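For reference, the structure is listed below as structure tokens.
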Amino acid sequence: MKHEKGRSFYIHTFGCQMNQADSAIITAILMDGGFRVAGSQEDADIVILNTCAVRENAVERITHQLQFLRGAKRRKKSLLVGVAGCVPQHLKREMLEMFPVIDFLAGPDTYRNLPALIGDAEEGKRPAALEFRIEETYAGIDPLREVGVGAFVPVTRGCNNMCAFCVVPFTRGRERSQPFSAVMDEVRRVVEKGYGEITLLGQNVNSYADPEEGRDFASLLRAVSREAPGCRIRFTTSHPKDISPDLVDAIADSPNICNHVHLPVQSGSSRMLHRMNRGHGIDEYLETVALLRRRIPGVSLTTDLIAGFCGEEDEDHEATLALLREVRYDNAFMFYYSPRFGTAAWKTLADTVPLAVKKQRLQEIIDLQLSISAECLQEAVGSVVDVLAESESRRSTEQLMGRTGTNRAVVFDRGGARPGDRVSVLISKASSATLTGVNQGVLPAFYS
């Protein structure tokens, strides 16, 4: 379908890092199709909301944005509004009935269709491309990323784990991996463009399985580390059951792989983990934590936690608090449970915990974790850390902000450093969420 060449588009990205990576893919596809990037949402001929369906409040945010765009459309009759990503994949064509402002829908596997969808929308057809395509990994597309220090490189898409609370398998489809050769080609392009950090992405990144040669994630991680010796390497998100000793060795043995592992646990109760269909109990989880700490001294661990899942009792909640005290995570993403349509929990488990109890338990988790996080930061005072400078500090142009390999935010005096530099910083102060330090000098670009 033909469309008007040169129309401008703006992508409003919600949710996870994978969505940010997908927005870069969408940008490349549309630019290749003759569209151009608008400087702002107000200036755009086409606005695309790239959406997240993981939590109920994410859907509410999209609803508010669509209400705003309804007013924008009254002022600019030619404006097209598209919704991409997980929400349309979850709600299907019902979204078109719910929100008349929407002109087209695209699921996570159909972004190559966007130029044609826009062409149909210009003719008033309100098209939707929402099928799953198990072969689609967007290999061969060179994402058009925003300017910055770090680059996201997706290596898996979808998820096969079927955790009871999680909508991802129903919005992202079955798990599939990028070919090893495609990942390495993308890593080379990222290095050539001068990025200082590469984050390998997947809904369950450490289940990576190369479809061509069968390489696992540990093998891929080592190869990326060797190919990009001047880049810091991160990965997310991990599933605890797929953290292998070989993967831990790869992190421990490679100087440019960050000593930070995001290890979602969701609950400290084995009974709740079983109800959540997580595939492991708390003892196995703690064995993985012990392995990481034994092989990688100073490793930073972060996690995800859900308060008030179906059937959670006081003793289950207390087990979660006990886990926080034992593991002492650097940080955590913490939420109370909200049922998601179509999931196993929504279909088979009663949402028995009252909302007030969920909120109270969540607050107790937050309060405890914030105190632990503050203590962890305070322990860093007096140490010298390797920081990748990301940007100017919001407080002063004379300061830079960056992150350590353990993913701690650090603000320090600029000196002669610039965003993208590795900087040695002496930590002098810790607040509740940020470290402050003194610039000790720019470090060599290559890790050793």
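Keep in mind that glycine also has a Cβ here, set from the backbone N, Cα and C atoms.
Computed from a predicted structure; not experimentally measured.
Quick look at what Swiss-Prot annotates:
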type	residues	note
DOMAIN	7-123	domain 'MTTase N-terminal'
BINDING	CYS16, CYS52, CYS86	[4Fe-4S] cluster 1 binding site
DOMAIN	145-375	domain 'Radical SAM core'
BINDING	CYS159, CYS163, CYS166	[4Fe-4S] cluster 2 binding site
DOMAIN	378-441	domain 'TRAM'
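Shown here: features listed in Swiss-Prot, placed on the structure.
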residue	record	Cβ neighbours (10 Å)
CYS16	[4Fe-4S] cluster 1 binding site	19
CYS52	[4Fe-4S] cluster 1 binding site	21
CYS86	[4Fe-4S] cluster 1 binding site	27
CYS159	[4Fe-4S] cluster 2 binding site	22
CYS163	[4Fe-4S] cluster 2 binding site	21
CYS166	[4Fe-4S] cluster 2 binding site	22
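A gap of 14 Å separates the Cα atoms of CYS16 ([4Fe-4S] cluster 1 binding site) and CYS166 ([4Fe-4S] cluster 2 binding site). Summarised as a single figure, the pLDDT of the domain 'MTTase N-terminal' (7-123) averages 93.
Other residues of the chain with a Cβ within 8 Å of the Cβ centroid of CYS159, CYS163, CYS166, the [4Fe-4S] cluster 2 site, are ASN161, MET162, PHE165, VAL167, VAL168, PRO169, GLN203. For the domain 'TRAM' (378-441), the DSSP-based tally of helix, strand and coil residues reads 2 helix, 36 strand, 26 coil. Put simply, CYS166 ([4Fe-4S] cluster 2 binding site) is 12 Å from CYS86 ([4Fe-4S] cluster 1 binding site) when counted between their Cα atoms.
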